[in-house]
């Protein structure tokens with residue numbers, strides 16, 4: 001069982017220890033974490049850049065994955081609701097590039113992809129990856145009735 005996280009840019013070395021700590025906590029739930037790091041396009045035209053990067057994302061989505069894109073226009077979910085998304089053996093989370101993604105192209109090419117939001121704040125990719133990992137761990141803790149999550 002695997003969770004893939006597609007994002008742009010590599011992870012800074014000083015953050016790898018934090019990611020590894022979260023990944024090790026998730027492993028107890030029998031899931032592997034795979035980072036798929038893509039390179040941002042240097043295209044100056046923002047709409048073209050988003051389209052090219054979206055095409056790159058679509059090519060990298062693992063087959064037979066339940067897939068979710070993080071976007072500020074996505075559905076805001078509670079930790080409990082997020083835990084219900086973790087009911088598949090292969091899950092893919094997408095973090096778009098610095099200008100986002102071509103959401104129309106995503107919806108047209110893969111209408112099965114869910115759009116999620118963790119609120120209206122904007123985060124650096126390195127921080128958001130850590131937030132996603134923590135929420136995956138929290139979600140599994142809720143799903144398997146572990147004592148990590150204390151809110152209703």
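Every residue, even glycine, has its Cβ placed from backbone N, Cα and C.
Just one of 17, 96, 97 is listed by Swiss-Prot for the same S-adenosyl-L-methionine site as 69, 118, 119, 120, 121, 122, 123, and that one is 96.
Looking only at other Cβ atoms within 10 Å, the busiest spot among the binding-site residues 69, 121 turns out to be 69. Of all the binding-site residues listed (96, 119), 119 has the fewest other CB atoms within 10 A of its CB. In the three-state DSSP scheme, residue 121 (S-adenosyl-L-methionine binding site) is classed as coil.
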